[in-house]
Amino acid sequence: MEDDSLYLGGEWQFNHFSKLTSSRPDAAFAEIQRTSLPEKSPLSSEARVDLCDDLAPVARQLAPRKKLPLSSRRPAAVGAGLQNMGNTCYENASLQCLTYTPPLANYMLSREHSQTCQRPKCCMLCTMQAHITWALHSPGHVIQPSQALAAGFHRGKQEDAHEFLMFTVDAMKKACLPGHKQVDHHSKDTTLIHQIFGGCWRSQIKCLHCHGISDTFDPYLDIALDIQAAQSVKQALEQLVKPEELNGENAYHCGLCLQRAPASKTLTLHTSAKVLILVLKRFSDVTGNKLAKNVQYPECLDMQPYMSQQNTGPLVYVLYAVLVHAGWSCHDGHYFSYVKAQEGQWYKMDDAKVTACSITSVLSQQAYVLFYIQKSEWERHSESVSRGREPRALGAEDTDRRATQGELKRDHPCLQAPELDERLVERATQESTLDHWKFPQEQNKTKPEFNVRKVEGTLPPNVLVIHQSKYKCGMKNHHPEQQSSLLNLSSTTRTDQESVNTGTLASLQGRTRRSKGKNKHSKRALLVCQ
């Protein structure tokens, strides 16, 4: 259920009009085809997970990690809005947060996966690559997400955005693994997705009888925060890592002294992810009712106090996306998101509507999912974008789309989609002064191949004259060639700068010397493009 009355204010309109296109990423890939792709990074033997000495055997089983590419082709500005296909706001809000995740977006723009993907059918990584590339290279447009993104999840009703988010992340993680079913457990923790979103919990139990210590390490892709008694994300994190006393019926059975003894259990972050997904537990597991309370969250978050190793410096994260639910239950309401473009401007992504907003508006929401990225990672990717090439000229994607379509269809089955509807792409127009208009006319006047009386050069071939000009009063119906001659004569003052775009209405306003000052109230010619 989409409730427009629940929308929050504080933003100003960014796009004055939306351009709806079909689900085809050709225009986005056209730009990538015209530029050289970054070389694949060599395999790195460095393990970013700082494992303890007792975990050295496990570390040797981990697959070598690939360095995530830094793409110089990622646009700095905001991309497209997403069309709501009916109770799909949860999908749109989640996809926008993933689209503006810098490490994931840059990897997708490199097309590294689709060039080596061996899966006979569509995989989530290939599908997400097409979506992210297309969305980031379609500013001012409204695009329709591929149905393959929610295949097996969407059932035609409102779903939980966090569940869909983790469904997509898990599907991308599985797409990174080999095709065979038997995969080593530790190999799952070295995939591209785990490099971006993954970290490691450290659960430490200390026996208060023999002072023995037992450590358990578990991977994670997101962190759920209990906000029942917390007024801020910082308080929720402090409660999460607060030591827990195990005694009485919950006494710990120590493996060293072989006794049931009181113990202390502490949960900390052993390694923190590049991208941190914090989920505020707002919905009841039983009833689905929402805990509608304001929980403060900062623009910059220091995660060092919650790490197992306290001897290092600050570990600062910056906020780049917020997923919001407006409503009273997980079964209804409306989802939208806020994202931070690489240029630093925040935008509200509400299905097809894209509006610029302030950081004050972003921090005042009843957030459901928070997306943080390490400050060093954000600065590294921002520097990469700032060194990128200059923006393309308007309309360049339309020129090269047809030339690249054949090559795109050979890349991977997931990248194939219906054709773009050319009628829905608007052309840019440029204003011109009278002096600017006269100058090219004088330059072109001496060229013999240019015929100013030839109307075909300035009017589209599918023009139908509804109202004839004022010269028709002196004609007879059996002289069509005379009508055509006068129509050509009336077009002498029109130039290519005033050519009529397909799908618009135009009127011939030029007058010949013979009719100057006469018949001021006669009808002008009205043209319709079919």
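The backbone N, Cα and C atoms fix where each Cβ goes, glycine too.
The domain 'USP' annotation in Swiss-Prot covers 80-375.
The feature active site, nucleophile is assigned by Swiss-Prot to C89.
Sequence annotations record features per position, and here Swiss-Prot assigns active site, proton acceptor to H334. There are 23 other CB atoms within 10 A of the CB of H334 (active site, proton acceptor), with all protein chains counted.
Here Swiss-Prot flags 382-392 (among others) as compositional bias 'Basic and acidic residues'.
Per Swiss-Prot, the feature region 'Disordered' maps to 382-416 (among others).
The annotation compositional bias 'Basic and acidic residues' is assigned in Swiss-Prot to 398-413 (among others).
What Swiss-Prot records for 399-530 is region 'Mediates interaction with SUDS3', and it gives experimental evidence as the kind of evidence.
For 490-530 (among others), the entry in Swiss-Prot reads region 'Disordered'.
Under the heading compositional bias 'Polar residues', Swiss-Prot lists 498-510.
The compositional bias 'Basic residues' annotation in Swiss-Prot covers 511-524.
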Let's check the environment of C89 (active site, nucleophile): how many other CB atoms sit within 10 Å of its CB? 25
Please report the DSSP secondary structure of C89 (active site, nucleophile), reduced to three states. helix
H334 (active site, proton acceptor) to C89 (active site, nucleophile): how many Å between their Cα atoms? 7
